[in-house]
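Quick look at what TrEMBL annotates:
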DOMAIN    160-282  domain 'Right handed beta helix'
DOMAIN    285-579  domain 'EccD-like transmembrane'
TRANSMEM  290-311  transmembrane segment
TRANSMEM  323-345  transmembrane segment
TRANSMEM  352-373  transmembrane segment
TRANSMEM  379-400  transmembrane segment
TRANSMEM  439-461  transmembrane segment
TRANSMEM  467-485  transmembrane segment
TRANSMEM  492-510  transmembrane segment
TRANSMEM  516-538  transmembrane segment
TRANSMEM  558-576  transmembrane segment
Amino acid sequence: MSRQVLTVGPGDRDRYRTIGEALAAARTGALISVRPGTYAENLVINTRVTLTAAEGRGTVEIRPRSGSVLALRADAVMLSELTLRGGDAELPAVDVRRGQAALDGCEVVGAAWTAMLAGGTGSLALRDCRVSNPQGAGIVVTSTTPSTVESCTLEHLGTSGLVLAEQGEARMRGCTVRDARGNGLLANGESRGTVEDCDISSTDKPSLALEQNCSLTVIRTVVHDTSTGVHLSSAGRTTLEDVRVTGASGNGIALAAGTDPVLRRCRVSRTRGQGVLVTDRARGAVGERLSATALGLLVAPCLALAGWVLPGGELTGPDAARVVGARLLAAGAAGAGGAVLALAATAVGAPALLATAVVSVATAIAGTLIGYSGLDVPAAVSLVAAVVALAAGTVAPFAFKLAGMRMPALPSSASQLQEGIEPYAGDEVAERTELAGRWVTALFAATGTVAAAALVVIAQHPDLPEVLTAVTLSLLLLLHSRGLVHIGQRLTLAVPGVWGLLLLARAWAVDSDGDGRLVVFAVLLGAAAALVIAAWTVPGRRMLPYWGRAAEIAHTGFAVALLPLSLWVAGLFGWLRGLFG
């Protein structure tokens with residue numbers, strides 16, 4: 001069924017002379033196109049509709065003498081490019097107590113204590129709007145249903161720009177708040193929300209005021225040319241990241257009333273008062289992510305070194321294997337514990353610290369096998385490297401979960417198909433995708449590190465089992481890297497793969513005479529020439545499908561062969577032959 005379209009305008013040819021008449025005749029989902037003019041009406045929305053200015057922004061003004069301009073009683077309404085001008089000194093221009101009012105490209109002018117109110121279970125979704133109210137606040141949110149304010153300007157305000165009170169929740173992104181006689185953003189009660197990429201200036205009170213038990217995160221926001229930049233007195237969880245305060249006539253950031261916020265990469269400059277003022281039992285954590293991550297990454301190696309020197313014994317003699325195993329076990333356990341402690345202390349760099357912990361655990365397992373199972377060093381490290389390399393196939397889904405992303409179950413019945421599907425916010429998906437990418441890079445880096453270390457041992461003086469294992473592991477890493485798009489992720493696996501092949505070439509050359517070394521040099525030279533030619537010819541060409549299929553088959557074959565070859569290095573097959581005679 002086609003969408004109902006209604007036209008409103010003062011001309012004789014228009015069917016409806018007022019917006020109220022069109023609303024009364026509208027069916028659910030109708031589009032009401034309003035022609036230029038000023039309409040002295042109170043709009044009470046009882047049906048889900050869309051109202052839009054027929055000739056664009058600034059041509060339609062809805063201006064009642066009293067009461068709210070818009071009161072929502074339906075589950076949703078969409079307004080596009082309209083001007084809503086309230087004249088009532090008691091009631092907000094836009095009053096949403098249920099449902100969602102979405103405004104795109106609109107201008108809202110209030111004359112009461114607030115221009116826009118989201119209360120009860122109602123919510124606002126504003127994009128590219130302008131809100132002003134010389135008598136009060138711009139937007140007040142007390143509803144637990146999240147509201148969003150994106151790419152909007154809040155200005156010429158009698159009190160505050162955005163107020164989050166009671167249990168209100170909102171997300172503000174890419175907005176400008178200026179010329180407010182109160183705060184730019186005031187959050188109190190048990191409200192919560194996020195402020196991202198905003199610009200707040202020219203406020204008579206603190207531009208950001210987080211009080212009582214609110215929980216807010218402020219990211220990449222600039223506060224400038226104001227009285228006090230940020231005032232924090234909330235007992236809730238508040239976080240400031242990449243917040244810049246400049247040109248404040250008072251203090252830059254003030255902490256009071258026992259608040260305990262987290263400040264990361266914040267900058268305060270050109271303030272007449274204190275840069276950061278801490279009073280009244282307030283405390284907090286102030287940190288810089290890069291420095292904290294670097295410091296955290298140094299903890300595990302330092303503790304691992306301490307663990308290495310802790311066990312006694314000589315590295316030569318009949319007990320050398322047990323001593324090496326004990327030291328590797330102690331170093332790995334200490335390194336893993338250091339990574340956990342660093343994460344708990346800094347709360348940053350989780351992907352890198354997890355990768356450090358993975359390498360440490362692999363080291364501890366190798367030490368256990370060497371010291372307490374009777375396996376020699378090449379056998380133990382080949383088994384550990386095989387398990388880690390095969391586990392690389394689970395990195396992507398594991399990183400997906402670590403990033404907090406989930407895939408909703410597909411509908412399995414007709415009733416489920418008819419249910420509404422709530423899409424994820426685009427910016428949230430982008431943020432979590434970037435985080436998942438960091439997890440993938442870190443876990444593949446751990447895989448490559450373990451494999452590279454194992455290849456050093458396996459290719460030291462290799463016999464046939466070690467040669468086959470090293471070749472298989474190296475080629476498996478190279479083939480696994482081809483499916484990765486990010487160059488950094490590719491290098492984490494490709495570099496160890498090439499490293500293993502070069503180590504085998506070195507071992508071949510060391511164990512050969514002069515003629516053999518010439519052969520090794522010729523092989524390496526031919527491989528380099530082939531790679532140069534491929535670099536000139538392959539990019540931009542469309543490969544035939546059977547090449548990709550062949551690579552997939554080889555990838556699977558090497559993965560299947562790696563574990564049996566590692567068991568061969570460990571001597572399992574010889575032990576079985578001796579056992580069954």
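For all residues, glycine too, the Cβ spot is worked out from N, Cα and C.
Nonlocal intrachain contacts for the transmembrane segment (558-576), taken as residues 6+ away from its ends with a CB within less than 8 angstroms of a stretch CB, comprise 375, 378-380, 382-383, 385-387, 389-390, 393, 458, 465-466, 468-469, 472-473, 475-476, 479. Within the chain carrying the transmembrane segment (439-461), a Cβ under 8 angstroms from the stretch's Cβ atoms is held by residues 351-352, 354-356, 358-359, 362, 377-378, 381-382, 384-385, 388-389, 391-392, 395-396, 398-399, 402-403, 467, 469-470, 473-474, 477, 484, 486, 488-489, 492-493, 495-497, 499-500, 503-504, 506-507, 511, 569, all 6 or more beyond its ends.
Over the domain 'Right handed beta helix' (160-282), the average per-residue pLDDT in this prediction is 89. Counting Cβ pairs under 8 Å to the transmembrane segment (467-485), the stretch among 290-311, 379-400, 492-510, 516-538 with the most such contacts is 492-510. The list of residues near the transmembrane segment (290-311) in space but at least 6 beyond its ends in sequence, with Cβ under 8 angstroms from a Cβ of it, reads 323, 326-328, 330-339, 341-343, 345-346, 348-349, 352-353, 356-357, 360, 363.
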